[in-house]
Amino acid sequence: MTQQRTLKNTIRATGVGLHSGDKVYMTLRPAPVDHGVVFRRVDLEPIVEVPADAELVTETTLCTGLSCNGAKIQTVEHLMSALAGLGVDNVIVELSSAELPIMDGSSGPFVFLLQSAGIVEQSKPKRFIRIKQTVEVRDGDKVARFEPYEGYKLGFTIEFNHPMIPAKQSRQEIDFSTSAYVTEISRARTFGFMRDLEYMRERNLGLGGSMDNAIVLDEFRVLNEDGLRYTNEFVRHKILDAIGDLYLAGGAILGAYEGFKSGHALNNKLVRALLADQAAWEWVSFPEGTEQPPVTYASPVYA
């Protein structure tokens, strides 16, 4: 039996937006069963709620952003990834700005916040999206694909012409029946190249970026004094992003995901293509007395 989960307590954090550079106050609150993840812009009058829904994605340039009722919520993918990795279904995310705080560029601080708040099971079974048929989307040589699989696994391949990202460190697979999100994925940070800085600044992107919240590379090396957290941290972060982007489908995935040079835009296109093909997926749950789901989550943390 796998139940829905929410937070036991409310918890708050402060940070800066990666792209806006704005200071942002964030509050995570418990939510009732079947509520889902809902963002709330408390700086607006009246307050505007924006559900975590793939159909509301309007921004995929260097982040995943949502728009609803005139309100924007930017850079949701790292928190969404942490929620997916810890199996949290229902939460209210209050924000004082249009962008989530970037924290250290990974999902690790969000995992810490969620565990500090306490994670509790609720009265109704968790709902999974089971992949029944292969769904694939492409953009040039980029590919993102769902396939049926009894569990949840992700494979990702990146290609960067850079000495710090050799081919042998450009491929990663993770299966959540045997691997732990917290240790294997959550600490992988976002990354960027000095050569792209001018492009980003011209578009008012990356204004809050620094070596405190991203891996920065020049033409030859990593510039961060502390180096990398994993030898293949770059591709692990791409998996972290994908987990967050896919959680916008509205439920935990039971299936296999494969990405080749994919990013936020193609991940969102894949989720939309899946949801539009009703023969390709189904809702499933595992009530008491039935089989266990073929994916494991950490035990609830009762703070």
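Glycine residues also receive a Cβ, built from the backbone N, Cα and C atoms like all the rest.
What Swiss-Prot records for the Zn(2+) site is H237, D241, and among H35, H78 the residue it adds there is H78. For D241 (Zn(2+) binding site), the same-chain residues that are 6 or more apart in sequence and have a Cβ closer than 8 Å to its Cβ are T64, E77, H78, S81, T190, G263, H264, N267. Within 8 Å of the centroid of the Cβ atoms of H78, H237, D241, where the record puts Zn(2+), the same chain has further Cβ atoms from E77, S81, S106, S107, A188, R189, T190, K238, L240, G244. Each of the recorded positions H78, H264 was scored by other CB atoms within 10 A of its CB, and the lowest score goes to H264.
Around the Cβ of H237 (Zn(2+) binding site), 28 further Cβ atoms fall within 10 Å across all displayed protein chains.
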